């Protein structure tokens, strides 16, 4: 009997928390379809006008493309830097993992706004493209997410045996890695890439300060719109939200296919 | 040896170029005046200016209150989550995950729609003729705004901890005649205490470093450590990168100490459940 009561309370608690957390998102979505919504409880009417306006706006498309480029390049850099290290740590030397633990607290002790002071001090006046500094810095800040997701990918197989057999059969280390290891971690790698892409795609602090608005990404565009046109901005926020939703749904689908064991690791991936 | 070098080279270069070098320069610059000479003037300025002390005070008080509130709510939320069926859990984890990544400009914008001066909340309170005490553009408003990403983050940290607790413990203590309150306070609480400390530290640190949400909501009108750093770099007041470096150094030192202390408490208590 008591168990049943527990369940009811649990459902009520979760419902309350979900409503609280989702309210801002719902309000934004409603706002994006509203004709006008000022000082009233519900909008005056519904329209798709703002969506058409945004989609046909060239600023939107170029901001979107810039964010996608940022996401893709960062993902490539992050994979090149972290994949070999995570592989080595998991397969040859577990003790490295203890030393890499500092990574997990990095975003808390040195968040973007702190790191950026040093970056500006060192690189702002050097004749190197600030874009490069930005890309490397975003890759670094995505490290905890990427690292954790990649680390999860190496659970469950004996990669050392696989890798060394490939070497004995005459493959070069790189070839062995590409032919033998990557196919076995492709799911985990894909998840790591999605997470890295998402974090770079939505980056704001570093992009805004290092490039100073010269490179208008989706978030910077969103901020500019917010100051001038609330309706258009709500459309952009809604689109951004759906983008996040689609990525999450893809990840859940992949993990479901991996079986329930992997599902539990979602929690771990998030436990940075 | 050569292979090892190849493996660590890209990673090492990245860490060196965008972490070690900038952070070292940040530390050194914090001890330089505008002309480049060695001095403590930046720190002197921070501690003796009422404006900058206010930034530190605001940051700490907002972060402390918001992370305490979020901590309590997320423990309850994570507990409730463990009681639900597996498929519901998965859906909710996705929801919480999304609402935590919604932080920043999007969150600021939706809070303006909800609680801004022409927002829905204002409309509701004025139709009902209730006095509306919430001003989102204030220190209290910020404390409130932070809970929207701190709570989901806390739930995602706590869920694996509570989910791994053994169901049998409750049955054992029940059979031995312990009440539910006794079980929670004498069995569960001591076990998860280190996790509570650890998660509190993470939530606090996360709130301390929040820049995007504050900046998008209030520009530099709310004086906190991150917004002061931002305006000192961007030169909206007067650009003074060394002073920004001093603030950043102060931040890093405080956070490193807190995270380290948190870890120590966790390790002394031992028995981490994970």
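Note that Cβ sites are derived from N, Cα and C of the backbone, with glycine treated the same way.
The shown structure was predicted, so the numbers you read here are calculated from the model rather than taken from an experiment.
Feature transmembrane segment, per TrEMBL, maps to range A:187-211 of the set A:162-186, A:187-211. The feature transmembrane segment, as given by TrEMBL for the ranges A:39-63, A:64-88, sits at A:64-88.
Contact between the transmembrane segment (A:100-124) and the transmembrane segment (A:187-211) is supported by 3 or more Cβ pairs under 8 Å, counting only residues 6 or more apart in sequence. Highlighted: of the candidate stretches A:12-34, A:130-150, A:187-211, A:12-34 has the greatest count of Cβ pairs under 8 Å to the transmembrane segment (A:231-254). Counting same-chain residues at least six beyond the ends of the transmembrane segment (A:130-150), those with a Cβ under 8 angstroms from any Cβ of the stretch are 70, 73-74, 77-79, 81-83, 86, 100, 103-104, 106-107, 112, 115-116, 119, 123-124, 185, 188-189, 191-192, 195-196, 199-200, 203, 206-207, 210-211, 215, 268-269, 271-272. Nonlocal intrachain contacts for the transmembrane segment (A:187-211), taken as residues 6+ away from its ends with a CB within less than 8 angstroms of a stretch CB, comprise 67-68, 70-72, 74-75, 78-79, 83, 112-113, 115-116, 119-120, 130-131, 133-134, 137-139, 141-142, 145-146, 149-150, 152-154, 217-220, 223, 240, 243-244, 247, 250-251, 254-255, 258, 269.
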